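Okay, so here's the structure we're looking at.
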Amino acid sequence: MPQPIRLKDHERDARLVRRRVVVGAVLVVMLTLVLVARAYYLQVIQYDHHTTLAENNRIHVQPIPPTRGLIFDRNGVIIADNRPSFSLTVTRERAGDWQAVLDTLVQVLELTSEDRAIFEKRFRQGRRPFEPVPILFELTEEQIARIAVNQFRLPGVEVTAQLVRHYPLGEHFAQSVGYVGRINEQELKKLDPVDYSGTHHIGKTGAEKFYENVLHGEVGYEEVETNARGRVLRVLKRTEPQSGRDLTLNLDLRLQQAAEAALAGRRGAVVAIEPATGGILAMASQPSFDPNLFVTGISFKDYAALRDSIDRPLYNRVLRGLYPPGSTIKPMVAAAGLDAGVITERSRIFDPGYYQLPNYEHKYRNWNRNGEGWVDLQLAIMRSNDTYFYDLALKLGVRRLHDYLYGMGIGRRVSIDLGEEAEGLMPSPEWKRARYRQAWYPGETLILGIGQGYMQATPLQLAQATALVANKGRWVRPRLLRSAAGLTPEQLMADGQIPQVETPPDVVLKDMKYWDMVSNGMQQVLHNPRGTAFKVGSQALYRIAGKSGTAQVVAIKQGEKYDRSKIQERHRDHALFIAFAPVENPQIAVAVMVENGESGSGVAAPVVKQVMDAWLLDDSGQLKAQFRPAPPAVESH
Amino acid sequence: MGNFDRTLSSEDVVRRRATLLQRLHIDGWLLLILLVLAAGGLFVLYSASGKNWDTLLKQASSFGLGLLAMFIVAQIEPRFMARWVPLAYLGGSAMLLYVELFGYTAMGATRWIHIPGVIRFQPSEFMKLIMPATIAWYLARGSLPPRLKHICISLLLIGIPFVLVLKQPDLGTAMLILASGAFVLFMGGLRWRWISAAVAAAVPIAVAMWFFVLHDYQKQRIHTFLDPESDPLGSGWNIIQSKAAIGSGGVFGKGWLLGTQSHLDFLPESHTDFIIAVLGEEFGLVGICLLLMVYLVLIGRGLFITAQAQTLFGKLLAGSITMTFFVYVFVNIGMVSGLLPVVGVPLPFISYGGTSLVTLMTGFGVLMSVHTHRKWIAQA
């Protein structure tokens, strides 16, 4: 059928549009009537209701902050709880001349002009209209009484009770659990304004910060009617807030206290990990500080004292302290050498007391300048022979050394939930080119073999690498959290509540026996009479595998000897020791750093043993039954 | 020409004035209503801004700029506009795409093209006028009512800028762009069965999306969007307060500058999107009805121009601009009074904000151009 040819019919088009104009006009009039009807409904029918609301200063929506989740140690001891505290709030819109009100307040409470400056600063951070702004916390009974008496002179000023974070154990967990503090302006910009509308504190460091989402909970609110003075007359509607989740950490108060006691007032760091679960059992950085100071705002003076102290209590040595791992890296280098096939358990080298690269003058010294003669793997670890490891590092080459050690966690963040963790550094030729625009020298490979040079690791990374050896290469990321109301860190990750981190691939050696060879060498360190830490190992009721190390603070020139008498106390080497035990069934891996402690075996090793004893021995000083090596399995047919 | 010596009657004066306006291509009625609206708007704004002269002066100068834009656009013949529309559409879409890829971000939205030191503007604002012009141009080439093919192509033409603006994200402007295009189709006689089919299809699609596609958090967001009062600390705060403001105004209002809600900082955005709450509180039901009446007269004049327009392009464009203007009014008042979800649409000529004022005035310039460039075939 042929299509009819369509001609433009202007008259018809015009009629069509005109009809639509009429339809449009009717639509507009009808919808306008809807608007008029709505205005009539609000302004005539509901007039009384709205007038009351508006006249009485009306309807208020008050956020009800959720209760922050509590934090427990692994045995249910409370580390962080919430304590009722009275604070003073001012509502700007009701205060009238608020400058005068602040003046009166300062006078009534007998405060200083410095306090007034802080008040003003806090006051200016007010958020939505008619929101009371807290300006003074932790009111005493007397202060509350004074305000009550002078209430008539203080319009818009109220005393309110709220829950404030409290850390009953004080400084024990300042470095791991961290603390909360008042929300500052930068944080305010990033936060969900609704969710945090009733909250004045936020996690600033440690687990408090990392698990902020989990701990915070959901805000509730109530619609209240108030009179002109701001007194609540009645609650119109209330939605309950949802408390945050409680956290149970892997930390153990007793072990934590033991670790701190073991450091005996020295500056240093202790980390203890349960190898099977990655749970951090203790984490001490000494000296520490009282986190309660930060909760309601630390005074300038207190803060300056903490910040400027030469002992650096605010410095988290476990997570932020970067040290060349020194000889503690040798077991890991040995595992790499065995797997790469450049050494065997039997292969030996001769140590004249130093090592020289072919065609180079420079002598790389063994710590024992007399030399140790023929050295094999066991002896090399036991005696911490530098010459052996110079040679091993050169045979491995920097490329393989980097890949193995990075694979074991050196130079990368290893934990799941320690947000402040430093990355450390596992150098490579590419890194050096990018950083210094210089080629890699063979000598730099040599000193990597004994954990010196550019390499830097945190005590946490060392503890993790030790746990990895105890686990025979199986990776378990260290974590503070045991469970958050039944959820493991992995479940929280899958749920998107904490950042996703992948577990690095397990370190699989060609032969599992290589791990035993490394472990054997580490046992000799403590249990062989020639071992560097035999003094400590000989007193142990269980077998320990460990390794000492020292981290240089200041460099020593070629040909110069380390002479402690010439060196200032603060410039002495840091003492390191890593270990795990019992070797048959590893329960605990520990890394210890004693600042300016000089001797890994002499100073750091006893600390390790004290921590292990606290974990492994029962009250009568015997190895706990569950940690005893399993009796050899009886084969049954 | 023998009547030079005749005295001018009053009738002659009116005719001559009309002629002067016509020579300037200005529609007297529209101009009068716009001036009334703008004057009333400044009056309300003075109160809503907390007696802020700076705000008032800025708004007045924006209005002056808008008058200039209107005057210039009114000089352009509709035929000339139609010729350049396709290019404008391509240019506008390209700018929107540029915004999507490299745009300047402020307040969580990417809406601006920013050439440092030279200019910063929102291309989506131009699109509000380019969109109806494009569809009008496209439909005016064929005959009415549009057939399925034309409808599909029109929807595609509307869809591209709509999606780009929606992604900025700017729901209010995206909706206005969509409406301006859709009204051209409506004016072009889009068959009722297509319209009812579209409405009928929307319901099951929405239901299916709700149950099978959307995540819980998305549902939650839609829920607070549709029912802001369930979120009284967030967007619900504005609605609760603006309803109280309007409601407490009663029939005659509390009087100019005497609104308590708006003057006690209860009402956020009181001088921009929520200004009708100030008007409702201070001038009551009477004030709102009066404003709506002025709007109706303006829309009536626009529809009259539509019906009188000579070319099909002119008819469709004028009709769409007029109807879209009503969408501004309805959506804004509807949202402030708690009938509709909150989207960022200003109250035309009353809300503070220069950009939308200039765009609106330009739109009315187009209406004037359509009306004053008619050619009369001499009749004996």
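Quick reminder: no glycine exception, Cβ is built from N, Cα and C everywhere.
Annotated in TrEMBL:
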TRANSMEM  B:29-48  transmembrane segment
TRANSMEM  B:60-76  transmembrane segment
TRANSMEM  B:88-107  transmembrane segment
TRANSMEM  B:148-165  transmembrane segment
TRANSMEM  B:171-187  transmembrane segment
TRANSMEM  B:194-213  transmembrane segment
TRANSMEM  B:283-304  transmembrane segment
TRANSMEM  B:316-343  transmembrane segment
TRANSMEM  B:349-370  transmembrane segment
Recorded stretch that, among B:148-165, B:194-213, B:316-343, B:349-370, has the most CB pairs under 8 Å to the transmembrane segment (B:171-187): B:316-343
Positions whose Cβ lies under 8 angstroms from the transmembrane segment (B:88-107), at least six residues beyond its ends: 113-114, 120, 123-124, 126-127, 130-131, 133-134, 157, 160-161, 164-165, 167-168
Stretch of maximal Cβ-Cβ contact with the transmembrane segment (B:283-304) [cut-off: under 8 Å; candidates B:60-76, B:194-213, B:316-343]: B:316-343
Region pair the transmembrane segment (B:29-48) / the transmembrane segment (B:316-343), three or more CB pairs under 8 Å: no
Chain residues in Cβ proximity to the transmembrane segment (B:148-165) (below 8 Å; excluding those fewer than six residues from its ends, i.e. six or more beyond): 89, 92-93, 96-97, 99-100, 124, 127, 131, 134-135, 138-139, 142, 173-174, 177-178, 181-182, 184-185, 190, 194
Best-contacting stretch, by C-beta pairs under 8 Å, relative to the transmembrane segment (B:316-343) and drawn from B:60-76, B:194-213, B:349-370: B:349-370
